[in-house]
Amino acid sequence: MNPYLLIVLLTSLGLGTALTLSSTHWLLAWLGLEVGTLAILPLMAQRHHPRATEAATKYFIVQATAAATLLFAAFNNAWLQGHSDIQHMSHPLFTSMITLALLLKLGLAPMHTWMPQVIQGVSLNTGLIVSTWQKIAPFILLLQIKQIHPPLLTIIGLASILIGGWGGLNQTQLRKILAYSSIAHLGWILLILQHSTALATYALLIYIFMTSATFITLKKCKATTINMLTTTWTKAPTITLVAPLMLLSLGGLPPLSGFAPKWFILQELTQLNFIPHASIAAMAALLSLSYYLRLSYSITLSLSPNNLPECLQWRVNYPISTPLSSALPAALALTLFLLPLTPSALTLII
Amino acid sequence: MSYLVCVLLFGLMVGSVGVAWNPSPYFAAMGLVMVSGVGCGVLICFGGSFLPLVFFLIYLGGMMVVFAFSAALSAEPYPYGWGNRSVKMYVAAYVLGVGCAWKVLLGKWSGFWGGILDESGELLVLRGDMMGVAAMHDVAGWMLVLGGLGLLLTLFVVLELVRGVSRGGLRTV
């Protein structure tokens, strides 16, 4: 792509999120969301093959619908209330409508169906941006809305965790697996949002680190299906060593960082006496863990048959370097080693 | 009156659908003209005097113009800019000619600015929409600039998505 245009688009991506994060008026928040949506469309359709074009079209239609609903509800609320402040919304119907619009933007069940298709259709780097950066702005808006109908968030959160787990079970395409994992993680975040915004932010932060590490690893291995993961040991033995830990961190196992958000969310839910919610969430996390384990099995725990020249790729092509390679050590360190640092990490957020 | 609003809103829908639903986007401009007209009518039915005219202006002078030129630009296989070899000479000659005419005809700077209206400082009717637009520019002027930046970004995004002579959205082959 033309480098000038690439710079403009990436800057606008950052600008859109920054606008939304710094806004107290719904119009500016909507403006930031729209700028973010528009800026990523050419990045998605870069390859110009039909699947990418289709993914860009679907993404645009879904995000535009959500933005239109958001604007409609925000202005209705402003008409009834007299001001367009994000943090002082009072009308229950329009608060729910805005919440649903933001959840559609995030890709939570039952409005999740676009996520696997969109992330599958785009390249791994663009999928990384859609999975991580584009979640920040709607999440921050959700944090600021008070008095959301509690059953709404709980039901959608639990449904997302379940659908994220069950949907990913039958997938062989890695990008679809990561899309369902994104749905599940955002379900966990939504579950705790009404009770503790600090924990929700922490969960989102850890999710962003883990997903970034996973996408960059897949990009380095040039793997888009599970079958392609089986030759990782020939290309990058170090990644073969670390990748299962990264995937188990996504699954939420101690002593890796992914355990911390789940642990604290379950603790908070039990302290507030939401036992069924905590139980269902914990058990549904096992569904996600099963497909992460399947990926670890393909990468590390089994050696697939291969012919001799291909077993020595790491001698010839070392080091594999993609544009995001330099971010991988940082993302991996944050994915694996953050659990002992949780108290100080939480003080950054509370 | 409400029947008129219903008819106009129906026309708005038909025009909007007409913008998107056509084999050739050059005909979509007609849909934009229709939408601007009936949209202006809808706003008038709800009591506006300034805003309907602004609506007309933005739709026809902003949206339709940009739509038409971006449709034409994205379908152009070899767009000739000012820097192109065959155009540079003409551009240089034109600028030279304008400079000479300026010097010859408008030798002195008279300071005449052609005041349009006498500034009476008194409006007969304070319309809500006019005062609202003024207040919006006063308070949220910078947000309007951001909105303009967003629209500029939209133009770049659309041109990037649609371009490509044979593999773009708008084909000239």
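Note: Cβ is positioned from N, Cα and C throughout, glycine not excepted.
Annotated features, as they stand in TrEMBL:
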DOMAIN    A:23-287  domain 'NADH:quinone oxidoreductase/Mrp antiporter transmembrane'
DOMAIN    A:291-344  domain 'NADH dehydrogenase subunit 2 C-terminal'
SIGNAL    A:1-18  signal peptide
TRANSMEM  A:28-45  transmembrane segment
TRANSMEM  A:57-79  transmembrane segment
TRANSMEM  A:91-110  transmembrane segment
TRANSMEM  A:151-170  transmembrane segment
TRANSMEM  A:177-193  transmembrane segment
TRANSMEM  A:199-218  transmembrane segment
TRANSMEM  A:238-254  transmembrane segment
TRANSMEM  A:274-293  transmembrane segment
TRANSMEM  A:327-349  transmembrane segment
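Confidence in the domain 'NADH dehydrogenase subunit 2 C-terminal' (A:291-344), given as mean pLDDT, stands at 89. Of the Cβ pairs linking the transmembrane segment (A:91-110) with the transmembrane segment (A:177-193) and spaced 6 or more residues apart, 3 or more are under 8 Å, so the two regions touch. Counted as Cβ pairs under 8 Å, contacts with the transmembrane segment (A:274-293) are highest for A:151-170 among A:57-79, A:151-170, A:199-218.
Most Cβ pairs under 8 Å with the transmembrane segment (A:177-193) belong to A:151-170, among the candidate stretches A:28-45, A:57-79, A:151-170, A:199-218.
In summary, the transmembrane segment (A:57-79) lies against the transmembrane segment (A:28-45): three or more C-beta pairs, each 6 or more positions apart in sequence, are under 8 Å.
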